[in-house]
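**Student:** So that we are looking at the same thing, I have put the structure below in structure tokens.
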């Protein structure tokens, strides 16, 4: 029984990204610092938008959902990586691996669709200001947000079910710092070619389709801004949209590089570096990009901070 299916009878081994050399120890604590900033930044963003009623608009409600997704994303991977590094243990249970794959894939997919919804929100606000309250009513905004979560979760379920239906009869060492389904496919001794084609189609739906919506929305936005008579209105529109476009560029650039490539072209080192970028760095940068360039968020933060000081 050389090819006996050992999928469910032992743990996987996460090789991680750091060893215990002085340089890697420094990098490990740097990642923890970035994680702390990302955790605090996204938590503050969610709380600000929840507490300040003036921020209860479609744009900020969508932004709070993006921050919530980023918060969950970093908590899916970094704590386990830190525990393994500090404890010296590299194992992860089958249930733990499945949980990481589900949440990681679901959150990435949900963010893809949510970024498209955010682009549509900016399009309606700038190109159809008189109809904005109808086109982006609380009900419609809530439905599109829920749709983003559902589509992302569906992809996560598909990946978990498909990945753990394969046989893993050889090495169980995952060349990554968390369970990612492309890394598991490399270890499988089953024929994964059909699933890789399905995975490619899912990536097209999750990445290319939302990108097409974003490009179409911002093409119309740019044309509308160019024809604006007010210089102040043009500046405000570009400031609002540039923050979102910067986040979109960082997120989709890394995602396209990571998941559109064939398995045969993958390098474990490249995958680790890219994963660190959009699972830790991007969630840290998102709240900074939106808050530093947004007077309403800054005002809400100072308002809450002022209440805290006055209550002391």
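Cβ atoms here come from the backbone N, Cα and C positions, even for glycine.
Because the structure is a prediction, the values reported are computed rather than measured.
Below are the features I grabbed from Swiss-Prot:
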- 97-189: disulfide bond (DISULFID)
- 5: N-linked glycosylation site (CARBOHYD)
- 1-25: topological domain 'Extracellular' (TOPO_DOM)
- 50-57: topological domain 'Cytoplasmic' (TOPO_DOM)
- 80-100: topological domain 'Extracellular' (TOPO_DOM)
- 121-139: topological domain 'Cytoplasmic' (TOPO_DOM)
- 159-195: topological domain 'Extracellular' (TOPO_DOM)
- 220-236: topological domain 'Cytoplasmic' (TOPO_DOM)
- 260-272: topological domain 'Extracellular' (TOPO_DOM)
- 293-312: topological domain 'Cytoplasmic' (TOPO_DOM)
- 26-49: transmembrane segment (TRANSMEM)
- 58-79: transmembrane segment (TRANSMEM)
- 101-120: transmembrane segment (TRANSMEM)
- 140-158: transmembrane segment (TRANSMEM)
- 196-219: transmembrane segment (TRANSMEM)
- 237-259: transmembrane segment (TRANSMEM)
- 273-292: transmembrane segment (TRANSMEM)
**Student:** Top stretch among 26-49, 58-79, 101-120, 196-219 for CB pairs under 8 A with the transmembrane segment (140-158)?
**Tutor:** 101-120
**Student:** When secondary structure is assigned with DSSP, how many helix, strand and coil residues does the topological domain 'Cytoplasmic' (121-139) contain?
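**Tutor:** Secondary-structure breakdown of the topological domain 'Cytoplasmic' (121-139): 16 helix, 0 strand, 3 coil.
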**Student:** Counting by DSSP, what is the helix, strand and coil composition of the topological domain 'Extracellular' (80-100)?
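**Tutor:** Secondary-structure breakdown of the topological domain 'Extracellular' (80-100): 15 helix, 2 strand, 4 coil.
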**Student:** Give the mean pLDDT for the topological domain 'Extracellular' (80-100) on the 0 to 100 scale.
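**Tutor:** Its mean pLDDT is 89.
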**Student:** Under 8 Å for C-beta pairs, could you tell me which stretch among 26-49, 196-219, 273-292 has the largest tally with the transmembrane segment (58-79)?
**Tutor:** 26-49
**Student:** Quick check on the disulfide-bonded residues 97, 189: which one has the highest count of other Cβ atoms within 10 Å of its Cβ?
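**Tutor:** Sorting the candidates by Cβ neighbours within 10 Å, the top entry is 97.
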**Student:** Quick test of the contact rule: Cβ under 8 Å, at least six residues beyond the ends. What residues does that give for the transmembrane segment (273-292)?
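**Tutor:** Residues 17, 31, 34-35, 37-38, 41-42, 44-45, 63, 66-67, 70-71, 73-74, 77-78, 104, 176-178, 180, 243, 246-247, 250-251, 254-255, 257-258, 298, 301.
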**Student:** DSSP on residue 189 (disulfide bond), three-state: which is it?
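**Tutor:** Reduced to three states, the DSSP call for residue 189 (disulfide bond) is coil.
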